[in-house]
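Listed in Swiss-Prot for this protein:
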type	residues	note
TRANSMEM	20-40	transmembrane segment
TRANSMEM	51-71	transmembrane segment
TRANSMEM	88-108	transmembrane segment
TRANSMEM	116-136	transmembrane segment
TRANSMEM	164-184	transmembrane segment
TRANSMEM	186-206	transmembrane segment
REGION	203-478	region 'Spermidine synthase'
TRANSMEM	215-235	transmembrane segment
DOMAIN	231-465	domain 'PABS'
BINDING	Gln261, Glu333, Asp365, Ala366	S-methyl-5'-thioadenosine binding site
BINDING	Asp313	spermidine binding site
ACT_SITE	Asp386	active site, proton acceptor
Amino acid sequence: MTSTRQAGEATEASVRWRAVLLAAVAACAACGLVYELALLTLAASLNGGGIVATSLIVAGYIAALGAGALLIKPLLAHAAIAFIAVEAVLGIIGGLSAAALYAAFAFLDELDGSTLVLAVGTALIGGLVGAEVPLLMTLLQRGRVAGAADAGRTLANLNAADYLGALVGGLAWPFLLLPQLGMIRGAAVTGIVNLAAAGVVSIFLLRHVVSGRQLVTALCALAAALGLIATLLVHSHDIETTGRQQLYADPIIAYRHSAYQEIVVTRRGDDLRLYLDGGLQFCTRDEYRYTESLVYPAVSDGARSVLVLGGGDGLAARELLRQPGIEQIVQVELDPAVIELARTTLRDVNAGSLDNPRVHVVIDDAMSWLRGAAVPPAGFDAVIVDLRDPDTPVLGRLYSTEFYALAARALAPGGLMVVQAGSPYSTPTAFWRIISTIRSAGYAVTPYHVHVPTFGDWGFALARLTDIAPTPAVPSTAPALRFLDQQVLEAATVFSGDIRPRTLDPSTLDNPHIVEDMRHGWD
């Protein structure tokens, strides 16, 4: 009877410890994925990170998982100590990873230096995460928690906990850690969770496997690692602020990290600049050249309603409100953080345009809105497409045949669409790709370009759903403009031999050529 009771108690303890261990497995898996997502996010924010960079990072991480599983084999005979060491090192490296990469981007002059930090961080984190499962499997098969005969069931439980933890990490990063804490603090908090999980495993499970002195040493090491990450957490704001300022020549006066992008506003004297993910969007010294060239060719004298896709800074809306006869402006912007900055920090620049009763602001993805929007029965007299350069697949779809076909449904008969199309000099293939893509959606297109000192030679596309390409013209009712007039606009349609027109295959959702064009253009 006594032996039966003892066996039952042992079984109950085994189940309890197994649950604790599997919970720790899930926590460690969540932490491992968060570390990699943090590196991916930071690389994308600071370096643009397209599909090629993302694919290489993910592939490198997966390869490192396998390498870690192989390299840990000689230490399986000392699985308990090895597990504690792996978790301590992983917690430190993972917790510090975002701060280290941020510092590398900020303080290393050469891109190769920060790329090396990213590659090393990916390899180390992947290798350490890959070592976890073999170590845990070995511990589970030592008879105190599970028997060797249950190896298949044990492996299934480990995999289930591992994948469930990865799911939790994948959801926690974009919906909780990144928006609430930011990249550096989010990674640091994850490191603390990682080390705490290792501590739980050490206290409740490994005390039966290692000596008392070894356990105390391990716990002290974990505590020291926790102290290091906690110190980073306390000073993370100073680190981030100092590092961020290193990336910009002028003092930063506003910063947001939204669910979509990093937004920075700088000011030096009267020169105010807006950056999205490190890319300059406008400079107040010359933005009027860009904005006037974008807006006025698209609005005829009789235009009443205008759709603006992108342009959340409010500059296009500012100019539209100056044009007599405009009664309605629908402004579609993906990122509410951009709208918030436009209504506060940028209010003097855009003249409070987004708070004008004639402007209706919609927070939505431009393509999604076009697919499901309640377009006025008569359509819009003009559509202004003022979107970021298509240097990622997400942005590339907004420069596709399918996108322009959707925009056509929003145009009134005879209405005009204008698209900012990048630089015909710096990114000529991308520029002419956009022109060809718009034509593939059934438009007749007239390309034109102007000089914007901050950007250099910058191009646009004026399009209409007719067989005859529209002639760019400044409306006769236009207000007094600082830069654009009919003579300037006529000259803008002339392209020199080194940037002469060419016909290319259109960029589509299936084949987003434009993204690769942008990458090669700026390279």
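Counting starts with 1 at the first residue shown.
Using N, Cα and C of the backbone, Cβ positions are placed for all residues, glycine too.
Features recorded in Swiss-Prot, as mapped to the structure shown.
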| residue | record | Cβ within 10 Å |
| --- | --- | --- |
| Gln261 | S-methyl-5'-thioadenosine binding site | 20 |
| Asp313 | spermidine binding site | 26 |
| Glu333 | S-methyl-5'-thioadenosine binding site | 25 |
| Asp365 | S-methyl-5'-thioadenosine binding site | 17 |
| Ala366 | S-methyl-5'-thioadenosine binding site | 24 |
| Asp386 | active site, proton acceptor | 25 |
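For the pair Ala366 (S-methyl-5'-thioadenosine binding site) and Asp386 (active site, proton acceptor), the Cα-Cα distance reads 10 Å. At the 8 Å Cβ threshold, with sequence separation of at least 6, the transmembrane segment (186-206) comes into contact with the transmembrane segment (88-108) through 3 or more pairs.
In the three-state DSSP scheme, Ala366 (S-methyl-5'-thioadenosine binding site) falls into the helix class.
For the transmembrane segment (164-184), the most Cβ-contacting stretch among 51-71, 88-108, 116-136, 215-235 is 88-108 (pairs under 8 Å). A contact between the transmembrane segment (88-108) and the transmembrane segment (51-71) is absent, since fewer than 3 of their C-beta pairs, 6 or more residues apart, lie under 8 Å. Within 8 Å of the Cβ centroid of the S-methyl-5'-thioadenosine site, not counting the listed residues Gln261, Glu333, Asp365, Ala366, the chain contributes Tyr260, Gly310, Gly312, Val332, Leu334, Asp335, Asp364, Leu387.
Glu333 (S-methyl-5'-thioadenosine binding site) sits 10 Å from Asp386 (active site, proton acceptor), taking the Cα positions as reference. In the three-state DSSP classification, Gln261 (S-methyl-5'-thioadenosine binding site) falls within coil.
The two recorded residues Asp313 (spermidine binding site) and Asp365 (S-methyl-5'-thioadenosine binding site) have their Cα atoms spaced 15 Å from each other. Each residue contributes its Cα atom, and for Asp386 (active site, proton acceptor) and Asp365 (S-methyl-5'-thioadenosine binding site) these two points are 13 Å apart. In this entry, S-methyl-5'-thioadenosine is bound by Gln261, Glu333, Asp365, Ala366, whose most widely separated C-alpha atoms sit 16 angstrom apart.
The secondary structure of Glu333 (S-methyl-5'-thioadenosine binding site), as reduced to three states from DSSP, is extended strand. Here the domain 'PABS' (231-465) has a mean pLDDT of 94 out of 100.
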